[in-house]
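Going by Swiss-Prot, these are the annotated features:
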ACT_SITE  Asp67  active site, proton acceptor
ACT_SITE  Asn137  active site, for ring-opening step
ACT_SITE  His139  active site, proton acceptor
ACT_SITE  Glu144  active site, for ring-opening step
Amino acid sequence: MKMINLDSKKLASFYVACELFKQIQQYPHTKLGLATGGTMTDVYHYLVNLLTKNKADVSQVETFNLDEYVGLKASHQQSYHTYMNKVLFEQYPHFAKNHIHIPDGYSENLEAEAERYNKLLDERGPIDIQILGIGENGHIGFNEPGTDFNSETHVVNLTESTIKANSRYFDNEADVPRQAVSMGLASILKAKRIILLAFGPKKKEAISKLLNEQVTEDVPATILHTHPNVEVYVDDDAAPDCL
């Protein structure tokens, strides 16, 4: 696992955007695993700028999102479908729609949807670069503490800490969905390369645990120690004291 400590969130985000852009330029059929949330917004901003400036061909690029809330239509303002459209797919509208994959959290049969997405990942993968955030409790994707390391795409119950952390995106905490469809930990580890980002003082403890804990289901992110190609980008506020 390689740690990269940069001065600011913007600088780290730019570096990661450059890595994604280089991958797209070198491998036109690349497969990207995408994440959402405040951590990722600047990454997509810089990636859109790079793609636009270079008039990049993304027609063969395929994207796979980590997760989606249960109970929200794709058109809902707080769905991850809407987020991805706002920050990337509408900003650079040259991705083929049939190459954009996001779980359907509004499916009538969530278990079947998880199975469908899992099959899609197996058939179209492996993902070349998977980007990840990390929760304050050490979750990646929506894989909360205690998640089986062998888990594949599944329906998860969100912890109270995750619900509280995500409530800032909703009118009130009661509106935050209590479940999500998420790639499992085993699914994430199938990616050829993983880039995790963490910014701000609230992520400092999670990064410290990632670095110092043994591999344990109590801190899902520690499973990344078993992967041969992981980079962790942090800003000064999230960097543990040992860095």
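The chain as shown is numbered from 1 upward.
Note that Cβ sites are derived from N, Cα and C of the backbone, with glycine treated the same way.
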Sorry to bug you, but what's the C-alpha spacing from Glu144 (active site, for ring-opening step) to Asp67 (active site, proton acceptor), rounded to the closest Å?
13
Cα of Glu144 (active site, for ring-opening step) to Cα of Asn137 (active site, for ring-opening step), in Å and rounded, measures 8
Other CB atoms within 10 A, centred on Asp67 (active site, proton acceptor)
21
